[in-house]
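Summarising the annotation, TrEMBL assigns ATP binding site to G6, T7, G8, K9, T10, T11, R116. What TrEMBL records for T10 is Mg(2+) binding site. Residues or ranges marked as substrate binding site in TrEMBL: D28, R52, G74, R135.
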Amino acid sequence: MTGFRGTGKTTVGRILAARLQWNFLDMDELLTQRFGASISEVVARHGWHCFRQSESKLLRELQTIRHTVLATGGGAIEHQQEWLQLRQHGFVVWLDAAMQTIEQRLQDDPHSMQLRPSLTDQTVADEIRTVLERRTPLYRTGSDLRLLTDNSTPEQLADQILQVVGTDS
Ligand SMILES: Nc1ncnc2c1ncn2[C@@H]1O[C@H](COP(=O)(O)OP(=O)(O)OP(=O)(O)O)[C@@H](O)[C@H]1O
Ligand SMILES: O=C(O)C1=C[C@@H](O)[C@@H](O)[C@H](O)C1
Ligand SMILES: [Mg+2]
């Protein structure tokens, strides 16, 4: 699962894994366990560079997983070399949403403070616009299926993915 923050990678991925009876892994959860601290704490103490280094190392380690739904971090797509390698082993779903939807979901999610420290020194709306502009071509070329999430529930999105990949994948 790939896509910007708040598009539902964790939420939809968990439902999809349950339906497939596959394992579920979430890169942000794995990194949080590894650091023994939240993403916000890591970034505040050591900076984004430290988080990105661990993220790219984790992507390399995940090359061997099978029968697993993997919710990647929203920025993992920017590690293009690791991404291209990981892609050879799986089917990539890009969850997309309008900027307004993303902003609203991030604002409403009580976990945002821990999970999603600012990526830039811009306002939230400007940050979503500029980072989304940079990443959208990467999400497009780095995925096999794009789903618009604005008007569908996480359960409906998991169903849409299952219709494409099948239940006995
Ligand atoms: N299709 C949807 N409809 C409504 N709300 C949703 C939908 N998908 C996710 N949400 C809500 O949006 C918030 C963010 O979802 P989630 O944490 O799954 O996003 P994410 O893509 O994993 O974000 P991140 O990149 O930061 O890990 C959560 O509060 C979740 O309940
Ligand atoms: O979009 C991003 O760069 C990020 C998204 C989250 O999943 C986390 O991986 C972290 O907050 C960075
Ligand atoms: Mg997530």
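All positions are counted from 1 along the displayed chain.
Note: Cβ is positioned from N, Cα and C throughout, glycine not excepted.
Predicted, not measured: the structure shown is a model, and the values here were computed from it.
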Margin query: What does the structure give for the C-alpha distance between G8 (ATP binding site) and G74 (substrate binding site)? Integer Å is fine.
Written below: 10
Margin query: DSSP secondary structure for R135 (substrate binding site), reduced to helix/strand/coil, please.
Written below: helix
Next item on the list: Determine the binding-site residues, out of G6, T7, T11, G74, R116, R135, lying near ligand 3 in the sense that the CB is under 6 Å from one of its atoms, and give them in sequence order.
Entry: none
Check: For T10 (ATP binding site), what residues in its own chain, 6 or more apart in sequence, show a Cβ-Cβ distance under 8 Å?
Finding: M1, D26, D28, A71
Check: Cβ under 6 Å from ligand 1: which of the binding-site residues G6, R52, R135 qualify?
Finding: G6
Next item on the list: Tell me, in order along the sequence, which binding-site residues from R52, G74, R135 have their CA within 10 Å of K9 (ATP binding site).
Entry: G74
Next item on the list: May I ask which of the binding-site residues R52, G74, R135 is closest to G6 (ATP binding site) if we compare their C-alpha atoms?
Entry: G74
Margin query: What whole-number Å value do you get for the CA-CA distance of T11 (ATP binding site) and R135 (substrate binding site)?
Written below: 21
Check: Using C-alpha atoms, which one of the binding-site residues R52, G74, R135 comes nearest to T7 (ATP binding site)?
Finding: G74
Note to self: With the cut-off set at 10 Å between Cβ atoms, which of these binding-site residues ends up with the most neighbours? Options: T11, R135.
What the structure shows: T11
Next item on the list: Calculate the distance in Å between the alpha carbons (Cα) of R135 (substrate binding site) and R116 (ATP binding site), and round it to a whole number.
Entry: 16
